[in-house]
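S.K.: Have a look at this one.
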Ligand code: BG6
């Protein structure tokens, strides 16, 4: 429902977990759980959901929520000694009431700032001091923007390194009717083949079986075209050179307790990430990584990837 003013409201979500609801005047909205700093909903001005969250998702900490946009930090997947995808998605974040200024579009009024800092116990798992600030913003036109700022606050002079991903689960009508443009001809590491390096063919990517690939040095715009829904998601990213494309397909779907057997048909993860070259921060240094998601009616065909034109046209 369109309201008169944009609003940002802290309320209770599933299982009494705190969540923040962002609403824009034309009716778009987004929801963020403080548990995980996890976006679980993004709706357009018609109230249509754009992100996939499994109906079997378990909203019980410390298990990460299945769907939406989990934050993978300080480790992507099993690329290191930490738990799968790091710990940020399993922690309770706080609302950052006084964030350092972030240069941003002055038209954006609807946002929330979250912060994650380590506790004494966390040091045992990852012996570094950091401040992770996450801004989740909704533009008047309904685009969703996530900005992460990670600062090394170590007082022992030590640098740290991390890998990162916005593990976005896009909601699609039928995975076999989906095409991804922007990753053609790029090199990727195939997670299903011990991360061996391959080169993608020239055609847009389509789906007919399990896929789990890390595309390297990707362009800043990727389009996810849902033919059946006649909708295109445009993912723009900054500071995040890699892009993971993941769909578990039927066999792996059945093995995941918090994922329905047929859920794989209705989701596609396209994850803006920094994986191949870990980010290294010295004490006092800050890294920034940003995504902007738009959902537009599909008005262009294969080979015409120019989301800028689509957005303006
Ligand atoms: C993807 C990985 O990013 O996340 C996959 O590339 C992994 O290998 C998937 O299976 C889901 O991970 P999780 O920990 O949320 O089940």
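Every residue, even glycine, has its Cβ placed from backbone N, Cα and C.
Please treat TrEMBL annotations as automatic predictions, because they have not gone through curation.
Residues annotated as active site in TrEMBL: 167, 271. Taken from TrEMBL, the feature substrate binding site applies to 66, 84, 89.
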S.K.: Could you name the residues, excluding 66, 84, 89, of the same chain that surround the substrate site, i.e. Cβ within 8 Å of the Cβ centre of those residues, in sequence order?
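M.R.: So the additional residues around the site are 63, 64, 65, 70, 72, 85, 90, 167.
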S.K.: Neighbour count, 10 Å Cβ-Cβ cut-off, for residue 89 (substrate binding site): what number do you get?
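M.R.: Cβ-Cβ neighbours of residue 89 (substrate binding site) within 10 Å number 23.
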S.K.: Which chain-mates of residue 271 (active site) that are at least 6 residues away have a CB under 8 A from its CB, listed by sequence?
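M.R.: 72, 165, 166, 167, 168, 243, 244, 245, 246 - these are the non-local Cβ neighbours of residue 271 (active site), listed in sequence order.
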S.K.: Using CB under 6 Å from any atom of ligand 1, narrow the binding-site residues 66, 84, 89 to the ones that qualify.
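M.R.: List returned for ligand 1: 84.
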S.K.: Counting only residues 6+ away in sequence within the same chain, which have a CB under 8 Å from the CB of residue 84 (substrate binding site)?
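M.R.: Looking at Cβ-Cβ distances below 8 Å from residue 84 (substrate binding site), excluding near sequence neighbours, one finds 77, 78.
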S.K.: Please list residues from the chain of residue 66 (substrate binding site) whose Cβ is under 8 angstroms from its Cβ, counting only those at least six apart in sequence.
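M.R.: Same-chain residues close to residue 66 (substrate binding site) (Cβ under 8 Å, separated by 6 or more) are 53, 54, 56, 57, 58, 256, 258, 259.
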S.K.: Whole number in angstrom, please: the longest C-alpha to C-alpha distance across 66, 84, 89 for substrate.
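M.R.: Value for the max Cα separation, rounded to a whole number: 14 Å.
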S.K.: Taking 10 A as the limit, how many CB atoms besides its own sit near the CB of residue 167 (active site)?
M.R.: 23
